[in-house]
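Copied over from TrEMBL, here are the features:
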- 16-27: compositional bias 'Basic and acidic residues' (COMPBIAS)
- 297-332: compositional bias 'Basic and acidic residues' (COMPBIAS)
- 63-143: domain 'KRR1 small subunit processome component first KH' (DOMAIN)
- 145-235: domain 'KRR1 small subunit processome component second KH' (DOMAIN)
- 1-40: region 'Disordered' (REGION)
- 297-337: region 'Disordered' (REGION)
Amino acid sequence: MEDVKNMDMEGALVRPPEKEEKMEGKNRGKHDKPKPWDDESIDHWKVEKFDPSWNESGLLVTSSFATLFPAYREVYLQEVSPIVKAALKPYGISFDLNMVEGTMTVSTTLKTRDPYIIVKAKELIRLLSRSVPAPQAIKILDDEMQCDIIRIGGLVRSKERFIKRRQLLLGSNSSTLKAIEILTNCYVLVQGNTVAAMGSFKGLKQVRRVVEDCIQNKLHPLRHIKEMMVKRELGKRPELATENWDRFLPKFKKKNVQKKKAISIEKKPYTPFPPPQPPSKIDLQLESGEYFLNDKKKSAKKWQEKQEQQAEKSAENKRKRDAAFLPPEEHLGLNSSKFGDGKNDVIDIVMSLKKKAKDLGTKKAVENVNAEDYIAAPAETSSKKKTRYGLRQFYRSDSLALLKPLVVVIAELCIVCIAGKDDSPILLLSTDVWPRHTEPAQQAV
């Protein structure tokens, strides 16, 4: 037990610190006495080979173990059955292959001397059932060889995800699996829902950790391989035997992948009574009173409902058609410094426009300006030459200049103010841009 306490995580034996010669207290170190049979040269982890002279009388009770094997292993097991029997015969173990029941059985005999060999034989048939070749499985009978069968089928729910992660453990062309075998000094075989491994206790512990982390998606196998390679190189340096190796090992940051929220389906409370029967068509007619109407009234009611539906549909279609003719909303985005800001500016502009229109009307009444007097009437003769000559004379004369005051009047009356939400006006035409031409009108008068 003292050696077990002084083991590190990798299974290596660490020598405990030397105890002080002088013990304090009355009973301190009472049982700490020198043991002549306990020497440092003795390897307590070494398993000595069994000597048949230790148990000459044999075993009192027959022990047997049986295991099932898949159907695809029947032909192979029939071929290697003589080899397995020959390997178990020196240990006094009988081997039986039952093809009807599909079982392999090992049991002790009167010639069996080693009591632990039956456990080794049980592990042998388990390895054979998990597709391990017979020459490799027979090595489990050695005392230095151990085995571990890792069940990976129940670690993942999704079958497709399980197949992908199992292939990740194998690698391309089984390169990842070969690297694990070299670094752990173990034989590893991936078959179906299990992984069979053979080797030392230290190597089996590493293999189990790599396999479970890979299938559960905790850590990639290549990261485990890098870590084991670093430990292998550090183990060759004796000056680092008593130091902590965490500073040399690679550190990997695990990415937090958001998992999908499980869809929770609330179960309805259980009731022993069946749900109520939904009302039939006749029941609904009885409730509404339609059942007692004659055929003429029924058809009239149905026609009335159809007309109402058509009216609603036509009104909706008309509303959709009229929506295309509605003017879109205008977005005002003018500079407030140019057109003024506030309601006072709008009021001032409106008042000035009213004043200009009033002055213009009084001026027109006084001067008696009529626009029709300035329009040239066509000549009586309808010849093309006279008409063209009359138009040329009209354009060349100063009659066009007489129309300028009328154009100015129309332009001043076409000033449009459009007020938005903020009451900011939009001036389409300003009188400041147009110069006043009143002189020709005065000359004409």
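Placement of Cβ uses the backbone N, Cα and C atoms for every residue, glycine included.
Because TrEMBL annotations are produced automatically, they should be read as predictions rather than curated entries.
Remember, it's a predicted structure, so these values are computed and weren't measured experimentally.
Secondary structure of the region 'Disordered' (297-337), assigned with DSSP and counted as helix (H, G, I), strand (E, B) and coil, comes to 29 helix, 0 strand, 12 coil. Within the domain 'KRR1 small subunit processome component second KH' (145-235), the DSSP-based counts of helix, strand and coil residues read 54 helix, 17 strand, 20 coil. Taken as a whole, the domain 'KRR1 small subunit processome component second KH' (145-235) shows an average pLDDT of 92 in this prediction.
Summarised by DSSP class, the composition of the domain 'KRR1 small subunit processome component first KH' (63-143) is 42 helix, 17 strand, 22 coil.
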